[in-house]
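J.: Let me give you the structure first, and then I'll get to my questions.
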Amino acid sequence: MNAPTIRYKKMNGLGNEILVVDLRADRLALTPEMVRAVAAAPRSGFDQMMVLLPPRAQGIDATVRIYNNDGSLSGACGNGARCIAALVMQETGGSAATFETAAGLLNAWDAGDGLITVDMGPPDFNWETIPLAEEFRDTRAIELQIGPIDAPILHSPSALSMGNPHAIFWVDDVEAYDLSKIGPLLENHPVFPERANISLAQVTSREAITLKVWERGAGLTRACGSAACAAAVAAARKKLTERAVTVTLPGGPLRIDWRESDDHVLMTGPWELEYEGAVSVETAAPAA
Ligand SMILES: N[C@H](CCC[C@H](N)C(=O)O)C(=O)O
């Protein structure tokens with residue numbers, strides 16, 4: 001056995017627990033097993049781990065790998081993106097940052113008042129790339145429900161990708177459901193071959209949505225940036241809201257603007273650096 005030391009910065013975006021591990025100048029090879037061990041250790045628990053790796057091209061600050069606390073990978077993490085953008089801007093003294101993720105390039109910039117805006121790119125409604133197991137003709141036709149067929153508790157979500165898969169169920173009261181019970185069932189429903197982030201969304205005005213999220217690979221979180229984007233886009237597409245809305249999560253509000261000119265979704269919100277630390281995780285020695 002060997003026990004590499006992993007240095008981290010514990011941050012959060014609206015209470016979404018983010019651990020930043022900077023491997024831009026470190027050759028440590030993280031495995032999903034190590035990620036789970038870091039998540040289980042006392043001070044380094046997290047919802048998502050943002051791993052910074054050396055950039056592959058000029059003009060990019062870092063390649064980013066995003067892990068959930070169960071060791072699985074994701075293509076997007078909006079709240080984590082604001083955290084790493086803040087760190088890079090502090091480091092460079094600049095007012096913008098660019099990252100490469102599994103889902104593509106990610107730009108972020110200083111929005112003033114301690115807030116950061118992340119360009120989350122365009123939403124994707126294509127069932128094959130969300131991905132869903134089968135086509136659905138529009139957002140109403142998806143065969144997905146919890147509860148008996150004649151009186152389902154939840155049904156007919158909107159589904160889309162923001163670089164990661166999301167299903168949004170429209171409800172009158174987000175507090176009326178036990179998301180910790182139904183979340184895992186929906187996350188692992190066969191219609192989502194790569195699982196999905198599950199949201200309950202309550203539209204409260206033309207400019208406001210209240211949201212609770214059960215995250216794929218992480219469970220209930222205080223906030224999920226990509227889910228806020230997905231809910232805002234889905235609500236505007238259903239003509240329930242304008243394209244610019246405030247999405248309020250248990251951790252607080254995010255501003256979401258689905259920009260008309262280029263279809264990109266802009267997310268604006270806060271970030272926080274809590275403390276720095278290091279953790280040693282025992283791993284099987286690499287094969288000789
Ligand atoms: N908390 C994140 C999303 C994490 C993504 C993840 N749970 C998945 O897609 O597997 C956010 O702020 O967007």
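Backbone N, Cα and C atoms are what each Cβ position is placed from, and that goes for glycine too.
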J.: Looking at substrate binding as recorded in TrEMBL, which candidate out of ASN126, ASN164 goes with ASN16, GLN48, ASN68, GLY78, ASN79, ASN197, GLU215, ARG216, GLY225, SER226?
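T.: As annotated by TrEMBL, ASN16, GLN48, ASN68, GLY78, ASN79, ASN197, GLU215, ARG216, GLY225, SER226 share the substrate site with ASN164, chosen from ASN126, ASN164.
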J.: For the recorded substrate site, enumerate neighbouring residues of the same chain (Cβ within 8 Å of the Cβ centroid of ASN16, GLN48, ASN68, GLY78, ASN79, ASN164, ASN197, GLU215, ARG216, GLY225, SER226, site residues themselves excluded), in sequence order.
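T.: Filtered neighbour residues, in order: ASP47, SER74, ALA76, CYS77, GLY80, VAL213, ALA218, THR221, CYS224, ALA227.
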J.: State the Cα to Cα distance, in Å, between ASN16 (substrate binding site) and CYS224 (active site, proton acceptor), rounded to an integer.
T.: 7
